[in-house]
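Asks: For 11-22, the entry in TrEMBL reads compositional bias 'Low complexity'. If you look up TrEMBL, you'll see 275-329 marked as domain 'DUF2179'. Per TrEMBL, region 'Disordered' is recorded for 1-25. Summarising the annotation, TrEMBL assigns transmembrane segment to 56-77, 97-121, 128-149, 161-183, 204-223, 282-299.
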Amino acid sequence: MEEQKEQARPTATEAASSWAATQHTTPVEPLEHLVSEEDIRRGEQVGARRSKDPGLLRFFAILNGGLILTALAIVLFKTPNHFAFGGTSGVSVILSTLFPTLPVGAFMWIINIVLVVLGFIFLERKAILWSVFASFALSGYVSLFEMLFPGASTASITGDMWLDLCFAVILPAIGSAMVFDIGASTGGTDILAMILRRHSTLEIGRALLLVDIGIVCIAAVLYGPRVGLYCVLGLFAKTLVVDKAIESIHLRKVCTIICKEPLKVETYIVKELNRTATISRGYGAFSGQLVTVIMCVLSRREAVKLRRYAREVDPGCFITIVDSSEIVGKGFRGVN
């Protein structure tokens, strides 16, 4: 009996031949008969909103939110512990130690003004407009928080150096990710990077990393090996956390579904989620049966809804969901 069942199952070669033949005789059926013109128009409008860049007001709010988080980290956690991870804030922390008559915020103003002047000399004004704003706004927020928290520059608010290091890394990382996500920057050394990119053949990332390492070395000499090692740890942790934060903002789910009710799943994706999908034909290597493969890219919340619906219409469906942070196309950020 088992031998008869085994013989009845088509081989992979037979299934492949049958699958190839269907590509010309039974093409994948579109959803035109299931989706009205109003559904299509509504889906296009939703996709356009998803791809659209943030408005000026939202752009301004996100930019300032990111700068505020960065400024709080500088005043409350970096300055009292002498954490000099690099950038204008790291240089300012060192200078405020060498010249204690001026606070960190004042040195940030001085450094950023110098960088802005250099930017106007060597770059087009339009290219550095938001970097100039970010440089001055960050300096302003640091000066404001120094006035609101007058004792923060000399004493840690937690008394725990390790806890301060965590927040000195996490807050600027979140702030930078917010700012980078809207296509802006936090200013400061970003202006220097643009100048080097335009007027030299230096590798920008390596040059800025060497500058940051130099700042950390100076901090180790000034504040001792313990603080220096904290700064080294913070420098590398900052890079990793910023990258991870940016990836989490852009994170999407690539969903692949094989089920017995593909039309229902396709209709749900188009009509309920206002997304589209790529439909292809395949065959099971073991069973030899022809299957419909549905592939789509969704947000995390949409992926949960689709997984729940697919399991409802076909409890035995096969689903794979993979993370991706590099999605470019209509309905997603990054399309030009």
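A Cβ is built for glycine as well, from the same backbone N, Cα and C atoms used for every other residue.
Note: TrEMBL annotation is automatic and uncurated.
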Asks: Apart from its near flanks, which chain residues at least 6 from the ends of the transmembrane segment (56-77) lie with a Cβ under 8 angstroms of it?
Replies: 83, 89, 104-105, 130, 133-134, 137-138, 141-142, 144-146, 149, 152-153, 156-157, 164-165, 167-168, 171-172, 174-179, 181-182, 184, 186
Asks: When you scan the chain for residues with a C-beta under 8 Å from the transmembrane segment (128-149), skipping those not six or more beyond its ends, what do you find?
Replies: 63-64, 67-68, 70-72, 74-76, 88-89, 103-106, 108-109, 112, 115-116, 119-120, 157, 179, 184-188, 190-191, 194
Asks: Could you tell me what the rest of the chain brings near the transmembrane segment (204-223), counting residues at least six beyond its ends with Cβ under 8 Å?
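Replies: For the transmembrane segment (204-223), the nonlocal Cβ contacts are 82-87, 90-91, 93-94, 97-98, 189, 192-193, 196-197, 229, 231-232, 235.
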Asks: Please work out the helix, strand and coil residue numbers for the domain 'DUF2179' (275-329) from the DSSP assignment.
Replies: 14 helix, 22 strand, 19 coil
Asks: Restricting attention to the domain 'DUF2179' (275-329), give the mean pLDDT.
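Replies: For the domain 'DUF2179' (275-329), the model's average pLDDT rounds to 88.
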